[in-house]
Each structure stands twice: as structure tokens, then as C-alpha cells.
Amino acid sequence: MENNESTESSTKKSSSSKKERVVVVSTVRTPFVKSFGVFEQETALSLSLRVASEVISKTGVQASDIDECIWGVVIPQTKNANLAREIVLFSGLPTTIAGFTLNKACNSSLQTAEIAADRILLGKNKLVLAGGVEVLSDVPIPFSDEARRFLTKMSRARSFKERLSLIGSVNPKWFLPKPPALAEPFTGLTMGEHAEIMTVKNNVSRARQDELAYKSHINAASAIEAGYLKDEIVPVWTGKDKNIFVDKDNMVRADTSIESMAKLKPVFDKRNGTITAANSSPLTDGAAVALLASESYVKEKKLPYLGYIVDTVTVAVDPNDQLLIGPAYAIPKILKRNNLTKDDIDIFEIHEAFAGQVLSCLDSMNNETFCREKLDSSLFGTIPPSKINIQGGAIAIGHPFGATGARLIGNALRILKRKGGKYAVVAVCAAGGMGMAMLLESK
Ligand SMILES: CC(=O)SCCNC(=O)CCNC(=O)[C@H](O)C(C)(C)COP(=O)(O)OP(=O)(O)OC[C@H]1O[C@@H](n2cnc3c(N)ncnc32)[C@H](O)[C@@H]1OP(=O)(O)O
């Protein structure tokens, strides 16, 4: 595979062997809400505490059986040194539970689950909290480098005269806050600009993007209406006085229409672009966790559970090419590794960073040249839309970067359970040109 380095987990499929298996006992997430809104009083820690304690009480596991807490967050607050360990300590869990925090961009909570799964298979752990969070309403807003240098010099100045001369050199512009950009550090372009590049390269029309976004909303709205999302969501009491009750995702638009979407102006390439507020995932606050265990632990404790993690893969490409194309590499790869074809998969959860990015991935897998040159394989072909994101995706539900992977694990396994399917594949693109796929099996 050209420009495609990969690492693979050791969680290889073993349905028929007697080896240990990794069980998803349950997952829990907060409602996903528009950033800078109803969760403005929340923090990465507060939402993480909510899901961590809920998944423990919901499943009835003994907190003292938890070996480790692994958490993902993409834009961490400077006040959280090691969020995962803080979740353990502030939620009153046994202080013997270790924790570490990682950042693998939008793959973060698939990565926490992969690490947890690998450690369970190695026999090191039996029960692990693997989650992630993003609260864009509460991100660090740093000052410019000039302001930092000035403040450091001021704090080290030895005399009033020295301080006065430093103050004389100040430019007020230095103190304009610099909110974090959703940009790829390697290229300097935003995620949206990279998605624009992909839609042009793959010739994805605005109409197709809007249609996918429309389906995301309609599918999510139907799933909510049917009560399918209730089991995965824990309500949050928020606001200054904790008197605001939030129990639903607040960005799903049951009343959206192709016509209203078509009226929106492009955001990232204002002149020629096709990506709008409607066909992009919105800025979102939320947290999610998957409680993972060894099958032997689950059997010993006679715990109900959702299903199994069978395997995971990570891929990476040159960010200058197609930054968010990871799923087009990761999906064929995980199926090949497990001797499965796309027809064996009942449900695909393909993260919707942007509608144009999902369509670029799907079109690439259905492109002979891409499959030959990039995947070194024959044509992968089309995935029927009836198998993809059937309860909506990030465009409608939202995308708190660190939490999306854990949401998708729970969503895919619950759909399998409800529909009686066997396998699901979750695939998520990520900044840095990375991507992950996870193969799940129902109970
Ligand atoms: C690996 C990865 O996942 S990479 C992806 C990482 N994520 C990102 O980069 C985030 C991308 N998204 C964004 O940056 C933002 O959501 C943006 C810039 C696209 C849009 O932000 P905002 O302008 O704040 O969106 P907002 O929700 O206000 O919508 C703008 C307008 O579109 C309208 N709109 C949005 N969605 C719809 C819809 N489905 N139907 C009809 N109208 C809509 C809104 O009503 C609003 O209209 P108004 O101005 O008349 O009120």
C-alpha cells in the first residue's frame, strides 16, 4: 500500500478458538449537544465523570474489579494533567485503578478501546473503562507567544524600572486570545479545507453531500423517535444551579429538508466550495465510554453484555493527499485480515466528519484504480446505503472528537442486537491522515 503505514492490534478474530475474547459489557454516553450552548458550564472532567459512574452502576460491576481507566481527549484543558486518573479519583473509584489519557485525534476513543482490548487479551486486565470526551465549550485559549514571553519576563523582572520598561514595549494585540484552530498542523489547512480537497479530487457533488446529510438527520430522528438511543444516553443536570436537565441530543433536525440545505453558502471555500454547515459535523460537547471485559470475567460474574471486539486496525496516509480518507483503507484491510467480505457485514458505522469525506471514502473503495494502486487489491465495491449509519451519524448527532469512537461501538452493537445481525464495522477518519476500523460481533 502506497503511503500507507499501519499498525495492527493483536485482537485477531477467534470466534471458534478457545482463546480469551474481549467483551463490550456496555457503553454510555451523554447527550451530544452544540458547543457553546447548554453544556457551557461543563468540563471534560464533569462529563467524563457522568458516563464513567453511570456505566459502572448500570452494569453492576464491582468498581474494585476495574483494572484501568483509559481516556481520549483531543483538545485537553491545561487544568487536566491526566484526565483518566482524575476521573478515577474524582468519581470516588478505588484509588488503586490506574489511568492514562491519550490523543489520537478523532480516533481517540477507538484507540482507548483497542488498548483496553489488547491488554485484556494479554491477560493483564479483566475489566477496563475505555472512553473519551470533548467539551469545545471549555478549551484552553492561549495567548500569543509574544504575550507569553512578556509575562515570563515580567515575572522574572528584578526591579520596578525593569518592569516599567517591559510594559512600555507591550503591543496590546499580543493579548488577543487565540482559540485552538481545527487545523492539521502539518499542512496548516483546516479539516473543512481538507474535506473540500477530497470532494474535488473525487468529484463529489454538493447534491450528493446534502442528500447524505439529510439522511443522517432523518435516520437519527427516526431512531430517537423509536427510542433506540435511550439505552446509550445518560441524562445530565447542568447549568450554574444544576437545574437544567438534558437527556437528548440537540442537533438532530427532524424538520430539515434538501431545499433548506441547498440554500446554505459554502463555509470553507466560500467561492467554489460545496461544504456547508448542513453537510459538516457540528462543533459538539459530549462524553462516551465503553466498559470492556474479558469473556471469562463476564461469564464468571454472569453479566449481561452487548457483544465482542474482534479486531482493530490503524492506517495512516500522507496528510497532503486526502487527509480524511482513512476508512477507505481501514475497512478493506480489517475485512481481509479476518477473512470476511463486505457482504458478511450487517452494519457499517462510518464516521461522518463531512458528507463529502464519507462519499469520498465510499467512492474510493468502489474505484478500481484506487483499490489497485492504494490497497493492492481488486475492486472492493459498493457498500449498500441500507447498511451504513442507519441511525444517523455525526452530521446529525454531533462529533465530540474524543468521544465519537465509543459512541459508535455502542451504537453498532445495539443495532446488531436489535436487528439480529452478526458483524459490524466501525470506521473513523482522523487528523494526521490517520484512520481506524474496528470489527464487532454480536453476542
Ligand atoms: C476526523 C474529523 O472528524 S475532522 C472534522 C472535525 N470537525 C470540524 O472540522 C467541525 C466542522 N464544523 C464546523 O466547523 C462548524 O459546524 C461550521 C463552521 C461548519 C458551521 O458552524 P456554524 O456556522 O456555527 O453552524 P450553525 O449551526 O450556526 O449553522 C449555520 C446556518 O446553517 C443552518 N443549518 C445548519 N444545518 C442545517 C440543516 N441541516 N438544514 C438547514 N439549515 C441548516 C443553521 O440553521 C444556520 O442558519 P442561520 O445562520 O440562519 O441560523
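Any Cβ shown, glycine's included, is placed from N, Cα and C.
As recorded in TrEMBL:
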- 22-296: domain 'Thiolase N-terminal' (DOMAIN)
- C106: active site, acyl-thioester intermediate (ACT_SITE)
- 305-441: domain 'Thiolase C-terminal' (DOMAIN)
- H399: active site, proton acceptor (ACT_SITE)
- 423-440: transmembrane segment (TRANSMEM)
- C429: active site, proton acceptor (ACT_SITE)
Site of maximum Cβ density within 10 Å, from active-site residues C106, C429: C429
Whole-number Å value for how far C429 (active site, proton acceptor) lies from H399 (active site, proton acceptor) (Cα to Cα): 12
Residue counts (helix, strand, coil, in that order) that DSSP gives for the domain 'Thiolase C-terminal' (305-441): 62 helix, 33 strand, 42 coil
Rounded Cα separation (Å) that holds between C429 (active site, proton acceptor) and C106 (active site, acyl-thioester intermediate): 7
Other parts of the chain folded back onto the transmembrane segment (423-440), taken as Cβ under 8 Å at six or more residues beyond its ends: 13, 24, 104-107, 110-111, 113-114, 184, 186, 191, 307-319, 321-331, 333-335, 338, 340, 344-351, 353, 357, 361, 404-405, 408-409, 412-413, 415-416
DSSP three-state assignment (helix, strand or coil) for C106 (active site, acyl-thioester intermediate): strand
Around the Cβ of H399 (active site, proton acceptor), the count of other Cβ atoms that are within 10 Å: 25
Average model confidence [pLDDT] within the domain 'Thiolase N-terminal' (22-296): 96
